[in-house]
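Colleague: For B:12-35, B:78-97, B:109-137, B:157-179, B:208-227, B:269-287, the entry in TrEMBL reads transmembrane segment. What TrEMBL records for B:72-283 is domain 'ABC transmembrane type-1'.
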Amino acid sequence: MQHKTSTVVKPDSNALLKTHPLKQKRKGIILFLLSSILFVLYIFPFALVVLNSFKERLDIVQNPFSLPEQFSLENYIWAYQTMNFPAAFINSLIITVFSVVIIIVFSSMLAYFLVRWKWRMNHFILFMLVASMIIPFQALMIPFVSVYGNLGLLNSKWTLIFCYLGFGVSLATFMYHGFIKNIPKELEEAAYIDGASKLQVFWYVVFPLLKPITITIAILDVLWIWNDFLLPSLVLIDESNRTIPLSTFYFFGHYTSEYGAAMAALVLAIIPVIIFYLLMQKQIIKGVLEGSIK
Amino acid sequence: MYGERTLLERVKVFSLFAFIPLFAFTAVVMIPFSLGVVMTFTDWAGVSTSITFKGLENYQIAFSDPNFVASLFITLRYVLYTLVLTNVIAFGLALLVTSGMKGQNFFRMGFFTPNLIGGIILGFIWQFIFSRVIVYLGEVLNLQMFSSSWLADPQKAFWTLVIVGVWQSSGYMMLIYIAGLTGIPKSLLEAAEIDGASKWQQLIRIKVPLMITAFTISVFLTLQRSFVVYEVNLSLTNGGPFRSTELLSMHVYNEAFLYQNFGPGQAKAFILFLIVATIAIIQVRAMKKLEVEA
């Protein structure tokens, strides 16, 4: 008897908890519609740029929503050549890849050093790195330009890459530091006893364990460096050194009224990032998500 | 392994693991920062060898410049509106894409997209939208409000900056709120449901208090980002019309590199740093007090 009542009561209490399935379904549809509208709002600027990149100036002025009369790549060819897209792409690629690699290599080593060697000054170093993260770049740029300009160091990709190491090292080291703290050091000691050098212990034993945080840092830094404008605009003076954001800026400035070509230039500038996003979407969302709460 | 005793051994470990990143950090962050402080109190511009101490004169010049004071107030207004709107919208988006509906990962990706692309390009995209598309819509639909470009009107141009800022950052902050929401123990919400708490009560009484950390991070990041915004400002309004949308960052840039006023320019940059640092520290401290354990 006792048993029987409990089986009767249970589905009842469940029914009380759960809203009616039909109501639930309607709510789902409303949420979905709302999200879709918002999605369109977030994406429509991009869509309009793509749409108009195939059109002639007059068509754009008359109706920015009309479909292109004929599918012509003329705007793209012109923008591609005038903004010297291949060179800008290679510059961006070199700068981003080298910067991100050296940030990862040196920040992980610095963080390892700060965690494992408990010297008194290491607390101070970590504190300085963390404290520096609050300094906006604007507070550094004037002395930076005058000093580096006087030393004749501006106008070089390699100076820029060095700068990215200097600016990127604090956040990366801080993130690695939090991660390495939780790694037990027994493995390292075993390798050390087996005759591995300090560097070997780090690269063969520790660094592979840092993979998740390395991916997070790489993604945050790629997005930052690839898209950065202000620092490269101060360091890279020659046209031949321009990155994609820089060449887009100069192209747009010169051809503001050539809407079709300007739109094509924007699409060209966006394509590499979108390809990167489509290939790495999971890691990017996860990387940014984890990076933001560290 | 970590017990180097002699100085030589210690120097070896340090130069192996820490020297290069700390050298870059010192050269790129610490030295320009220190020189920047010197610049604000002297007439030194990083070029000449003679330095005259000027006390607070540069700061006096900064504050007696009506353009700077105007820029300061525009920036504060910009930060306030962007801060509130970004976080409200980001929190709403996070609730939406964690509601368990179909395709929520797809929507997350869509809302995050603007964060992949650099501010220069985003600013140009919206320049086209505001100067062409919205004006076209205003004419076709006969809406007075949209029939002339917002970028030509000082009041409306300010709002274009806010709109683009919110559109850009809300997807990023959404990810932080998603992390916060998924961190809330399911059992707590189920218990509340059994006790008869409505969805709204669950949100206000349980979700929000348990997500203070996410709010702290997101508000901190929004503050930091919006105070130093430059690229969207440059490509969307270029400070115009009539310098009405010249945010601090652009003001400092122009002061130093356009008008060559290094001392006062650096003083202004340093004021920006002090504001950002003070507000960020106060905000994080205040919000830490609100945090509760689940």
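Any Cβ shown, glycine's included, is placed from N, Cα and C.
In the displayed structure, how are the listed features positioned relative to their neighbours?
Modeller: Through the fold, the transmembrane segment (B:78-97) approaches residues 104, 107-108, 111, 158, 161-162, 165-166, 169-178, 180-181, 203, 215, 218-219, 222-223, 226-227, 229, 247 of its own chain, all at least 6 residues removed from its boundaries and within a Cβ separation under 8 Å.
Within its own chain, the transmembrane segment (B:269-287) has Cβ neighbours under 8 Å at 36-37, 40, 59, 62, 72, 212, 215-216, 219-220, 223-224, 227-228, 248-249, 252, 256, counting only residues six or more beyond its boundaries.
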Colleague: Going along the chain, which residues at least six beyond the ends of the transmembrane segment (B:109-137) come within the CB cut-off of under 8 Å?
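Modeller: Tertiary neighbours of the transmembrane segment (B:109-137) are 93, 97, 143, 146-151, 160, 163-164, 167-172, 174-175, 229-236.
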Colleague: I need to check the long-range neighbours of the transmembrane segment (B:157-179): which residues 6 or more away from its ends have a CB within less than 8 Å of a CB in the stretch?
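Modeller: Sequence-remote neighbours of the transmembrane segment (B:157-179) are 74, 77-78, 81-82, 85-87, 89-91, 93-95, 97-98, 108, 111-115, 119, 122-123, 126, 130, 150-151, 211, 214, 217-218, 221-222, 225-226, 229, 232-233, 236-237, 240-241, 244-245, 247.
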Colleague: Same chain, outside the transmembrane segment (B:208-227) by at least 6, Cβ under 8 Å from its Cβ: which residues?
Modeller: 75, 78-79, 82-83, 86-87, 90, 165, 169, 172-173, 176-177, 179-181, 183-184, 188, 248-249, 272, 275-276, 279-280, 283-284, 287-288, 290-292, 294
